[in-house]
Amino acid sequence: MVGIIPMASSIRPSLSTLRFAGASRLGLSLASFTPRRLACFHLASAVPQSQSFGLKASKLLRGDGKTIGVAAGGNAAQASTTATPENVLEWVKQDKRRLLHVVYRVGDLDRTIKFYTECLGMKLLRKRDIPEERYTNAFLGYGPEDSHFVIELTYNYGVDKYDIGTAFGHFGIAVDDVAKTVELVKAKGGKVTREPGPVKGGNTVIAFVEDPDGYKFELLERGPTPEPLCQVMLRVGDLDRSITFYEKAFGMELLRKRDNPEYKYTIAMLGYGPEDKNAVLELTYNYGVTEYNKGNAYAQIAVGTDDVYKTAEAIKLCGGKITREPGPLPGINTKITACLDPDGWKSVLKVHIK
C-alpha cells in the first residue's frame, strides 16, 4: 500500500449514514457531514453553456433597491425581494464551505475498489447496492466523509465502459514517495503514463497513473497533509470567466494562477483554503480551445453550504444555470440545489438540516 501521510487531526467518526435511494441515483451523498465542505455530484453530462458570466445582474435593481430579476444567457430568474444582489454575493463570501466528494462512473466496482485500496492507499468507507434502481455506490478516501474530501464511485448494472471525453483532466493525490507509489502501481498491473520526476518548470516530484477505467491520477510528492485527495482538474474554455464564476457564485479563493506559454496553457487553483491542507479545483485553459467533449463518465462535485436558497440565488446572479431548484430531499434531513458552471460542469450544493 502506498504511504500516504495524513496530518494528525481530531477526526470525528461518521454519523448517521441515512440516505435516499432516488437522490443517490443522482450521485448525492447524503451521509452526515459538516455543512461547510465541497462535494461532487453525479448527473448526466451537459452541453457547454455559452453564457455571459459576471455581475451584470447587479444593475437590475428597482429604485427602492429591490431585485427585479437577472439576465443570464436567456435564463431570467426572479430573485429575492428581501436582499439585493450585493447582499447575496457578500453572504457567499461569509458562507463557510468545503469540498465534500467527487462522483464518477466505473465499469467494474470491485476492480476499481481493489486498485484504489491496494495501489493508492485509500480506504473503503462504505458500499451500498440499490437493486431496485440497478446501481451500486462505493465511497473511498483517506478519512471519514464528515471531515475529508472523498470519492463516490457509481456502478450501473450492465454498463462496463464509459467515455471519459477530453474535458476531464485528473485527480491529484499527495504521497510521501512518488517513486515507491509508481513501483507499487506497476507491480499491481497498473498503467503509468508519466514516470516520476520534477514537474516542468518546478521542483515538485510528480507522476501520472491510470486506474482500470482510464481515469488519470497525478501523484504529488508532499509532506504530511490532512487532505491526501487534493485536486480535481477540469478543462475550461475561458479561464477568466470561470475564475470569476467560482469566486463570486461559489465563494472560492483564487489560490494561484500560472501561465505556461511554452506549452500553451494556463492553470488556476481555486478552493476554500491552502493547497497543502485542502482539496482544490484546478482549472486548465489550453490556448485556443474553447469547447471539449465531456463524455459520460465524470459526473460532478458536491459543496457544503449553510443555505441552499441563497446559494442558488447567487449562482443565478452570476449567470449560472440552476438544474435543480433548492429544496429538501424527501425523507431525509438534507436540502440541495444543483447547477452548471459556464462550461457546463455540474455541481451540487447541499446543507444538512439540524
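Note that Cβ sites are derived from N, Cα and C of the backbone, with glycine treated the same way.
Taken from TrEMBL as is:
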type	residues	note
ACT_SITE	Glu218	active site, proton donor/acceptor
BINDING	Glu152, His170, Glu218	Zn(2+) binding site
DOMAIN	98-222	domain 'VOC'
DOMAIN	228-352	domain 'VOC'
Recorded positions compared (Glu152, Glu218) - highest count of Cβ atoms within 10 Å: Glu152
Per-state residue totals over the domain 'VOC' (98-222) - DSSP helix, strand, coil: 24 helix, 57 strand, 44 coil
